[in-house]
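*Asks:* A single structure is presented below for examination.
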Amino acid sequence: MIFSKWVSFVLILQLLNPTVVLSSSSSPSSSNGLTEIPKKFLDFAKRKEVVDWMVGIRRKIHENPELGYEEFETSNLIRLELDKLGIPYKYPVSVTGIVGFVGTGEPPFVAIRADMDALPIQETVDWEHKSKNPGKMHACGHDAHVSMVLGAAKILKQHLQELKGTVVLVFQPAEEGGGGAKKMLDAGVLDNVDAIFGLHVLHSAPIGTVASKPGPLLAGSGLFDAVISGKGGHAAIPQHSIDPILAASNVVVSLQHLVSREADPLDSQVVTVAKFQGGGAFNVIPDSVTIGGTFRAFSKASLIQLKKRIEEVIKGQAAVQRCSATVDFSNTKKPMLLFPPTVNDKDLHEHFLKVAGDMLGNDKVKDMKPLMGSEDFAFYQEAFPGYFFFIGMQDENSPKLSSVHTPNFTINEDILPYGAALHASLATTYLLEAESKLRPTGGNLHDEL
């Protein structure tokens, strides 16, 4: 397998360093032991030197935002930190991605994931660590996500005696529409992962709280671009033209009927036309119009149906107005045809409730309604059980934080130890609970990714 040499490297390290070798007596197996781990990890993550280290990493990444599949400096920084921690890794994976691991090098394997890419937004927040790359900004918290997973790696490295298996650290490129998760899977480096956890910062929820739900959490999504072609001419003599603006306008209205008149009202769906580009003069009918947008749903079947009908409506309505149309559901920057819905595994939900409740208190673990936002973490969930949750960062004594994907988005850095400790706790306790069930019997050792 592609990852076998890295697992072998971990096994060699264990033989050379006896402090890393685990015995059944060195790891808590009782329910009391599992309960204590989240609190212990949070206490460790809140140490001043650990917090300062995570904050420093996050600020360096924030100053140098990089778009999808361009995260070379970010990837280099992550690798430097992994080297300092003595954590082996595989690089490059899917251009800039990194896969590292901590633990025994043996099964079970559980992954924690961070996305690395920024957005094409000009930052307007005036502070010491403002983006130094014009037109690019970490406006979705991925700089914090990376810092948290690195923080979790530090926690895990300092508590190797707790691990009964291997934690896989996934640093992926291009979450923002580039399908980086799918490319990480296609690279084959996660083939034997048993489960994966991921998180996202939430500006509107109080710090010290988390929120999620079992089943569908985020919608699946697709993109479309369409060119509607007619015949240009003078606006004063439209009879000599074939007006693509009129055809495109009818298309926009008709697309709204796909949800209001064709979709089950109990099956939430969205079709939004967000791009409409036509002529550039007041008195000239253009030859063509370009429209584009997104469609979303909570089931793959609904996504496929929407995709089919969007193409039919665009071409049909264009033909009614004597125009022709081409419809494209992918382009070079956003190559994925469909992003599946983010669907949380029910067993992992129970695990999350237990771990988060032990760490934060049951009253701080909130059930949330599904959102129409989309996450490529869903690709991992199609390959193996996965769980995605949100972590609050609003300080009740501070001004309200701005939403993600805005130029004035900020991170409350007090969130970093919570995210790091949750990642480490979810992975560690998962391994402790799963190890006995997944331990191989006989001579066949499931010993590689």
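Cβ atoms here come from the backbone N, Cα and C positions, even for glycine.
Automatic prediction, not curation, is the source of TrEMBL annotations.
Remember, predicted model here, so these are calculated numbers, not experimental data.
The signal peptide annotation in TrEMBL covers 1-23. Residues or ranges marked as Mn(2+) binding site by TrEMBL: CYS140, HIS142, GLU176, HIS200, HIS405. Among the features that TrEMBL reports, domain 'Peptidase M20 dimerisation' is placed at 224-317.
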*Asks:* Counting other Cβ atoms within 10 Å, pick out the least crowded of the binding-site residues HIS142, HIS200, HIS405.
*Replies:* HIS405
*Asks:* Taking all residues of the domain 'Peptidase M20 dimerisation' (224-317) together, what is their mean pLDDT?
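*Replies:* It averages 97.
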*Asks:* Note the Cβ centroid of CYS140, HIS142, GLU176, HIS200, HIS405, the recorded Mn(2+) site, then list each other residue of that chain whose Cβ lies within 8 Å of it, in sequence.
*Replies:* ASP115, LEU119, HIS138, ALA139, GLY141, GLU175, VAL404
*Asks:* Does CYS140 (Mn(2+) binding site) have same-chain partners at least 6 apart in sequence with Cβ under 8 Å from its own Cβ, and which are they?
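*Replies:* Listed in sequence order: ALA118, LEU119, GLU176, VAL404, HIS405, PHE409.
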*Asks:* So how many other Cβ atoms are close to GLU176 (Mn(2+) binding site), meaning within 10 Å of its Cβ?
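*Replies:* Its Cβ shell of radius 10 Å holds 21 other Cβ atoms.
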*Asks:* Quick one: DSSP breakdown of the domain 'Peptidase M20 dimerisation' (224-317) into helix, strand and coil?
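*Replies:* Each residue of the domain 'Peptidase M20 dimerisation' (224-317) counted once, the result is 40 helix, 31 strand, 23 coil.
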